[in-house]
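Undergrad: Submitted below is the structure of interest, expressed as structure tokens.
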Amino acid sequence: MTVHGNTKTSPMVTLLAGGVSGVIAKSTIAPLERVKILYQVKSKMYSFNSVYGLMKNIIKNEGLAGLWKGNTATILRIFPYSAIQWTSYDYLKNNFVTDKKSSVQIFIAGSLGFSCAILLTYPLDVIRARLALSYSNNNNNNSINSKNLNSSTQPPKVLKNGIGAVNIEKSIDFNGYKTKGLFKGIWRGILPTLYGSIPYAGVGYSSFEYFKRIAPDSFRNEKGDVIGIYKLISGGVAGGLGQTAAYPLDVVRRRIQTTGYGDGKGVENLKHSTLKTMFTIFQKEGIYALFKGISINYIKVIPTNGVAFLTYETLCDYFNSKLNKN
């Protein structure tokens, strides 16, 4: 049993609340996530006007569902991922953290819980990235501005679930698994992902707990609990801090995951270690490339993390109240 507030919460509740909160949060910002992935694997700079143009042309070429291409794979991954993440974090926090006010201990619990979720669900993240990268005009040019999306090429049929008529088997890369080994197939990019999970989850969880701890009375109810709007905002800010700390590793991860897929075929193969890949990107494209897409990422961080933190705690409170009545 874990403890949520002053109420004991069973692992089944944390699993369900964690999974549902992740699905709701990720589905809300799926269009921005797809655009971010497209920019991360390109060498061209962008502006908010080009982001708008890219989204408009995706809708034109693939329909509105094109903005959610890859979201079905995201949902299949995010439910178990978020469920494991929250349950692992709660278990570690309530069984191994001796001082709930210790940001260092919360940092470690958050990082370990996040890493557990990554290890168990990583292949689905690779598939999602490759599906999102595949978009309708098969243009090998590295530029992704709106002009290059205005193609006369007949766009592929987009399925109702938003994935698009793509070769799922190719995205999974069974042949790569057989011929290249575990870490070069569907596990490509796992190491930078794990490296990035340490600052991302550690900073995110420790910041959120700190913000809740220092919440003024004006943001607490009569029971002394932090109110929803404060959780929403503090969760978003905490997520933004974590993303900033981990973002260069996220860019490296996406480059490694998508090398040779979709429009990523035009990008130089990155088969080195994480640090060498990061240095290669920095050397060829500059420091900006390691933070490519971070501004659009900030736009989605507040709703994603805010909704996730708020939804998770709200669902835990709801399920606990129902169980206590029985």
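Each residue, glycine too, has its Cβ placed from N, Cα and C.
These came from Swiss-Prot, pasted as-is:
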type	residues	note
REPEAT	9-95	repeat 'Solcar 1'
TRANSMEM	12-32	transmembrane segment
TRANSMEM	64-84	transmembrane segment
REPEAT	101-214	repeat 'Solcar 2'
TRANSMEM	104-124	transmembrane segment
TRANSMEM	185-205	transmembrane segment
TRANSMEM	226-246	transmembrane segment
REPEAT	226-318	repeat 'Solcar 3'
TRANSMEM	290-310	transmembrane segment
Undergrad: For the transmembrane segment (104-124), could you work out the same-chain residues 6 or more beyond its ends whose Cβ comes under 8 Å from its Cβ atoms?
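TA: Distant contacts of the transmembrane segment (104-124): 73, 76-77, 80-82, 84-93, 96-98, 172, 186-187, 190, 193-194, 197-198, 200-206, 209.
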Undergrad: DSSP-wise, what's the residue breakdown of the repeat 'Solcar 3' (226-318) into helix, strand and coil?
TA: 78 helix, 1 strand, 14 coil
